[in-house]
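Participant: From TrEMBL, for reference:
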- 43-67: transmembrane segment (TRANSMEM)
- 88-110: transmembrane segment (TRANSMEM)
- 214-235: transmembrane segment (TRANSMEM)
- 242-261: transmembrane segment (TRANSMEM)
- 392-413: transmembrane segment (TRANSMEM)
- 427-450: region 'Disordered' (REGION)
Amino acid sequence: MGAPPGYRPSAWVHLLHQLPRADFQLRPVPSGFAPQEQEYQQALLLVAALAGLGLGLSLIFIAVYLIRFCCCRPPEPPGAKSPPPGGGCVTWSCIAALLVGCAGIGIGFYGNSETSDGVSQLSSALLHANHTLSAIDHLVLETVERLGEAVRTELTSLEEVLAQRTELVAAARGARRQAEAVTQQLQGLAFWRGVPLSPLQVAEDVSFVEEYRWLAYVLLLLLELLVCLFTLLGLAKQSKWLVIVMAVMSLLVLVLSWGSMGLEAATAVGLSDFCSSPDTYILNLTEEETGLGSDILNYYFLCNQAVSNPFQQRLTLSQRALANIHSQLQGLEREAVPQFPDAQKPLLSLEETLNVTEGNFHQLVALLHCRGLHKDYGAALRGLCEDALEGLLLLLLFSLLSAGALATALCSLPRAWALFPPSDDYDDTDDDDPFNPQESKRFVQWQSSI
């Protein structure tokens with residue numbers, strides 16, 4: 001099958017498409033895109049479930065580490081004031097993990113923007129295709145109505161004026177038959193009229209879903225950014241309550257990161273299967289939803305020399321009929337106007353209608369050619385299979401970095417918290433306050449010295 005202009009499956013599409021797939025019984029599943037089949041759906045769910053497995057393992061690891069830290073820590077000798085060895089490394093490892101998380105957030109913002117750009121390109125291509133199809137319907141309807149009005153009024157008036165000359169009346173009736181033939185042929189060119197599938201509706205649905213997807217990722221990215229920044233602030237200020245709150249928030253964001261990773265992985269794998277060979281699936285789906293013939297769909301989706309224009313015969317017959325009408329009207333103008341001056345007005349009106357019809361016909365020929373709609377098809381595939389897929393992979397990298405950074409931070413925060421001095425709880429008290437423990441201690445020492 002012919003690939004759309006400018007679209008070739010990328011290396012990421014080939015790589016993801018080659019990944020093995022299995023259903024819930026771990027039986028191999030073909031990598032062809034078949035979302036309606038249960039085995040393929042199970043394969044994608046299994047890909048998403050791998051992220052759930054990663055979440056479970058990371059939570060178990062964090063829980064074991066914290067239990068070991070709390071229960072197996074050796075008792076501190078009485079009066080020890082120096083921090084335990086390795087405390088600075090723990091704090092710096094936590095800070096480094098949070099900085100890696102911030103870098104992942106930047107990657108996530110870029111990936112979210114790339115995904116949005118790809119979906120916007122898909123929506124724009126659908127809207128342009130809808131404009132082309134609507135223009136075809138409009139031109140056909142306008143031309144048919146104009147020719148029908150000319151047959152009912154001008155040609156009828158012309159036959160009445162030329163009633164005394166049977167050969168001229170026969171010529172006028174010949175023009176009528178040709179106009180009716182053109183009308184019949186043109187009505188078959190509006191192939192999308194009455195089709196239940198609307199590209200405009202599809203574009204609106206895609207834009208609606210993408211708007212909420214983009215907003216959800218922005219909120220997730222901002223939430224993780226705030227968690228990282230406030231955790232770094234808590235470490236810098238040695239504020240125990242802020243570190244505790246951020247540890248709880250980090251656990252929440254960790255769950256969200258693994259969940260988004262599962263959705264991104266399953267979507268990326270399914271999208272790679274679709275993008276590796278999109279023509280077959282799109283042709284079958286469009287034929288099922290629209291009821292159009294395979295010859296029409298093959299012509300517009302493939303647009304190569306092996307597929308002929310299904311409307312070529314209608315266009316040829318219409319062009320010949322218009323040429324015959326034009327020659328008959330010129331003959332009537334030469335022979336009838338000198339004898340019947342009243343025939344000049346309907347003849348001029350018919351000439352004007354014929355000129356407009358020929359202009360509309362040339363526009364229809366250009367719109368019905370496969371180049372325009374096939375170009376929109378290629379733009380939609382490039383937006384979905386290049387920009388959107390690359391954005392999904394960047395979001396997948398963000399989720400992976402986020403999960404690793406937050407897991408490391410959750411393991412490091414308790415040890416860093418243990419290094420905070422006890423005076424942290426009284427940072428906000430006044431040094432001159434007699435109820436301040438430090439000030440009370442100094443007061444007692446001063447009294448004993450006296």
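Including glycine, each Cβ sits where the backbone N, Cα and C put it.
Just so you know, TrEMBL annotations are computer predictions that nobody has curated.
Provide an account of the burial state, proximal residues and distances for the features listed.
Facilitator: Residues 21-24, 29, 254-255, 258-259, 261-263, 265-266, 269-270, 403, 407, 410-411, 414 of the same chain sit 6 or more residues outside the transmembrane segment (43-67) yet have a Cβ under 8 Å from a Cβ within it.
Outside the transmembrane segment (88-110), and at least 6 residues removed from its termini, the chain residues within Cβ reach (under 8 Å) are 217, 220-221, 224-225, 228-229, 231-232, 235, 394-395, 397-402, 404-406, 408-409, 412-413, 415-416, 419.
Cβ atoms under 8 Å from those of the transmembrane segment (214-235) belong to residues 91, 94-95, 98, 101-102, 105, 108-109, 112, 115-116, 242-243, 245-247, 249-250, 253, 256-257, 260, 395, 398, 402, 405-406, 409, 413, 416 of the same chain, restricted to positions at least 6 beyond its ends.
Long-range Cβ contacts of the transmembrane segment (242-261) within its own chain (Cβ-Cβ under 8 Å, at least 6 residues beyond either end) map to 51-52, 54-55, 58-59, 217, 220, 223-224, 227, 230-231, 233-235, 395-396, 399-400, 402-403, 406-407, 409-410, 413-414, 416-417, 420.
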